[in-house]
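Undergrad: If you scroll down you'll find the structure; I have some questions about it.
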Amino acid sequence: MSEASQHGKWSVSSSEEDDDELPAVRTLSKPPEASLSNYSSLSSPVPKVEATSVEVKPEPSPIPTLVIGSEARQQAAKNQTYPVKYDSSPSLAGKRKLDVSDGSGWALSDSDDDDDAAKKNNPPPVRKAPSPKRKKVADERPPSPHGRVYYVDEPDDFFESSVPCLDDMFRFYLNKVTGLDRKYNSGALHIRDVLSPLFGTLKESVQFNYCFDLAWMVQQYPPEFRDRPVLIVHGDKREAKARLVQQAQPFPHIRFCQAKLDIAFGTHHTKMMLLWYDEGFRVIILTSNLIRADWYQKTQGMWMSPLFPRLPKGSSDTCGESPTFFKRDLLEYLASYRAPELEEWIQRIKEHDLSETRVYLVGSTPGRYVGPDMERWGHLRLRKLLYEQTTCIPGEDQWPVVGQFSSIGSMGVDKTKWLAGEFQRTLTTLGKSSLQPNPPIHLLYPSVEDVRTSLEGYPASRQRRSNSGCTPTFSMISHVNLFRWQADATGRTHAMPHIKTYMRASPDFTQLAWFLVTSANLSKAAWGALEKNNTQVMVRSYELGVLYVPSAFNMKTFPVQKNPFPISSSSSGFPVPFDLPPTCYTPNDQPWIWNIPYNKAPDTHGNVWVPS
């Protein structure tokens with residue numbers, strides 16, 4: 001489906017999450033592998049390079065690509081286009097229902113072990129030799145879409161030299177953004193701050209993520225911790241996995257754990273750090289990939305746990321549990337990987353006291369679940385928590401749901417069925433009320449103008465095409481539901497969001513009934529979808545987030561903090577990352593979609609956007 005606008009016909013391309021339906025008919029002439037790097041300069045061409053850290057990993061192409069750091073993997077393209085200067089002339093974690101179509105249990109598996117076994121029994125046919133490829137540059141890292149000189153080294157005082165003033169109540173933080181007034185970075189955290197000795201003497205760590213630039217990641221650890229063991233948990237396979245392993249060759253302290261993706265088109269999208277110190281243990285759940293672009297001029301968020309102390313020797317496994325059962329749920333999530341590499345970390349967590357945690361874990365893991373296990377993962381997990389842990393509010397039908405995300409994935413052939421059906425039913429759950437109110441739904445997504453005037457310009461967009469070629473559209477979302485990215489209170493109006501948040505706000509937007517920060521964008525793959533007359537739920541991807549509910553903080557609602565910066569440890573207001581009330585689209589606004597041209601006005605770097 002497509003819609004006409006002043007920019008011509010447009011449709012929304014999926015994010016990294018794909019659909020289980022047949023591909024929709026495209027309005028584009030290029031195949032799914034067409035270049036995503038549509039941003040260059042004819043006056044000063046950026047050299048083509050072969051990136052060693054990419055976000056989307058299609059079949060190898062003989063033509064290297066200029067990559068854009070993004071939520072969808074940065075893609076090696078078959079057709080390289082250049083940016084154009086403006087010219088005014090024109091489990092263990094719950095029983096999965098097994099597919100038994102072949103009598104072998106799991107019907108689909110993306111693990112390399114299964115691939116190897118299949119190759120032994122069914123040798124691949126002889127193929128013609130591929131055409132010669134340009135030799136890879138082993139030490140290259142993803143350049144900026146503006147060119148290699150785009151990144152500016154931050155001043156020394158950009159990073160913390162002493163423990164910063166932090167929000168000890170909610171422990172929710174935004175990332176630092178290069179180029180902002182210092183006020184808006186006071187109390188925000190860069191990855192270098194998170195890994196610094198200020199928060200503990202690091203012994204070992206695990207990095208769960210979707211996209212990695214390992215050379216850059218290693219440099220973010222302080223020199224004294226730079227050779228400490230790191231386990232990388234990823235979802236790459238085949239050529240993408242080989243490229244990731246190649247990245248790690250200079251770093252013998254890095255090991256790998258491949259997440260099993262048992263359902264087609266799923267991704268390992270979780271972003272989490274496990275940090276083991278001499279002094280204890282810490283968990284960070286965040287929204288940033290481990291690439292420089294994600295920590296430079298984008299809006300990101302994270303929850304940082306307290307420092308969890310070690311339990312006395314001989315303590316039972318159930319000791320150190322929090323009122324939110326965070327320890328149990330974290331162990332269950334790690335067990336869902338069925339990975340021997342995580343067993344020692346599961347044991348370490350059991351040996352620590354997590355009782356200070358006040359948030360609930362909301363995760364997704366791939367599988368088909370039936371019976372009580374349906375409520376373990378995805379949006380049904382969120383629905384269960386909202387039913388049990390929140391309370392009814394008078395006039396709740398006037399309390400809008402606000403969903404904010406960086407990309408929109410597939411929602412099926414009937415796009416109203418999932419979004420306006422089961423997912424809306426989850427987001428509008430509030431306590432044990434038997435009523436099913438129909439409150440307003442506000443969806444925050446950057447407009448073309450938001451992207452054009454951003455710090456990064458047009459390449460700030462996070463929207464990417466799906467592997468399946470399915471094109472979900474905004475056709476069922478009226479402009480009444482769409483709201484622009486405006487964040488003056490946090491100084492981040494021009495720092496495009498890669499953060500994903502969902503919340504329930506009062507009619508005057510001064511109170512919150514709950515708040516969720518997560519890696520999950522708006523898609524069935526991320527949140528799961530009901531099947532077989534609602535008797536099972538299918539989840540494709542790994543996702544992770546934390547839910548804040550007022551009862552865990554001995555509050556009835558969360559007051560919204562109107563001026564989150566500079567951070568104050570004594571504030572009881574919740575630091576929402578964007579302005580409330582949100583700014584509604586006007587009839588002239590259009591949601592940003594990457595695969596149509598924007599050449600009527602230049603962006604902040606003097607360029608226009610011309611897709612291939």
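From the backbone N, Cα and C atoms, a Cβ is placed for every residue, glycine too.
Taken from TrEMBL, the feature active site, proton donor/acceptor applies to H498. The feature substrate binding site is assigned by TrEMBL to K271, K500. Under the heading compositional bias 'Low complexity', TrEMBL lists 35-44. The compositional bias 'Polar residues' annotation in TrEMBL covers 72-82. Residues or ranges marked as site 'Interaction with DNA' by TrEMBL: S523.
In the displayed structure, how are the listed features positioned relative to their neighbours?
TA: Taking the Cβ of H498 (active site, proton donor/acceptor) as centre and 10 Å as the limit, one finds 26 other Cβ atoms among all the protein chains shown.
For K271 (substrate binding site), other Cβ atoms within 10 Å of its Cβ number 26.
In the shown protein chains, 31 other C-beta atoms lie within 10 A of the C-beta of S523 (site 'Interaction with DNA').
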Undergrad: Express the distance between the Cα positions of S523 (site 'Interaction with DNA') and K271 (substrate binding site) as a whole number of Å.
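TA: On Cα coordinates alone, these residues lie 17 Å apart.
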